[in-house]
Amino acid sequence: MLIIETVPLLRQQIRRLRMEGKRIALVPTMGNLHDGHMKLVDEAKASADAVVVSIFVNPMQFDRADDLARYPRTLQEDCEKLKKRGADFVFAPTPEEVYPQGMSDQTYVDVPGLSTMLEGASRPGHFRGVSTVVSKLFNLVQPDVACFGEKDYQQLALIRKMTADMGYDIEIIGVPTVRAKDGLALSSRNGYLTSDQRKIAPGLSKVMNTMAEKLRAGERDLEAIIAAASEALSEKGFRPDDLQIRDADTLQALSPASQRAVILMAAWLGQARLIDNQTVELTQ
């Protein structure tokens, strides 16, 4: 496995792979890797001849400087995990390598609508930072396939739209959320939880499952479902941030024509902001 830190070396390796006719998969990450990321690598390996994993804590997608500063950097451990899993390349650039002119003068990619709704409304600039860095990685790596986790539901929708709108000839693969045995969605931010909070954390998915059961049973009073869920989370010790039930295909409000709903969960537990989601087939 080759660890690459500069754009020229990355381009050199990509040119070589292209000359050899290799199919390339990209797995974009911010590091602090867990089993969910390893599932992305597995999917990438099954879909291509060469797997490039990027590890870059992207400052452009953080709306708070303190959040950026405390985000875990575990490059050595990450590379050891990736080597064991069979990744071929790790691209681990510095911010200066990715944004040589600084971020204030950086051209950016913005996806209208999806960037500013839901999660984007409470995190200004976050999705613009995501779409910009992913677009840059697409240009540098020139992958045939790129793998993203379904845990970040809105992000995946945004990447799919950006890929289509910008004319990238890249297959976007969404990989199902990996969960701990108690149901908690794996996330790098779970490391912010204390041991006591970690015991409470699976309550997020339990409340989400209850919401899904109500939808499957035909209940359509969304305000009542969300209010009950918010109360249940508060009783467990969470601070509900944003609970939504939307059309799974458009992320707009549910309509009589909606065939699938998505439950989007965001709640604070101590210093950790936990997110989760679940899609539900709707009976007409």
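Quick reminder: no glycine exception, Cβ is built from N, Cα and C everywhere.
A helical conformation is recorded for His37 (active site, proton donor) in the three-state DSSP classification. The active site, proton donor annotation in Swiss-Prot covers His37, and the record cites sequence analysis as its basis.
According to Swiss-Prot, the ATP binding site annotation covers 30-37, 149-152, Val178, 186-189, on the basis of sequence analysis. Around Met30 (ATP binding site), the same-chain residues six or more apart in sequence whose CB sits under 8 Å from its CB are Ile55, Phe56, Val57, Asn58, Tyr71, Ser188, listed in sequence order.
Around Gln61 (beta-alanine binding site), the C-beta neighbours below 8 angstroms that are at least 6 residues distant in the chain are Gly125, His126, Phe127, Arg128, Gly129, Val130, Val133. Here Swiss-Prot flags Gln61 as beta-alanine binding site.
Summarising the annotation, Swiss-Prot assigns (R)-pantoate binding site to Gln61, Gln155 and lists sequence analysis as the type of evidence. Annotation note: Gln61 (beta-alanine binding site) sits in a helical segment as assigned by DSSP.
The Cβ of Val178 (ATP binding site) has His34, Asp35, Gly36, Lys39, Gly149, Ala185, Leu186 as same-chain neighbours under 8 Å, each 6 or more residues away in sequence.
There are 18 other Cβ atoms within 10 Å of the Cβ belonging to Glu150 (ATP binding site).
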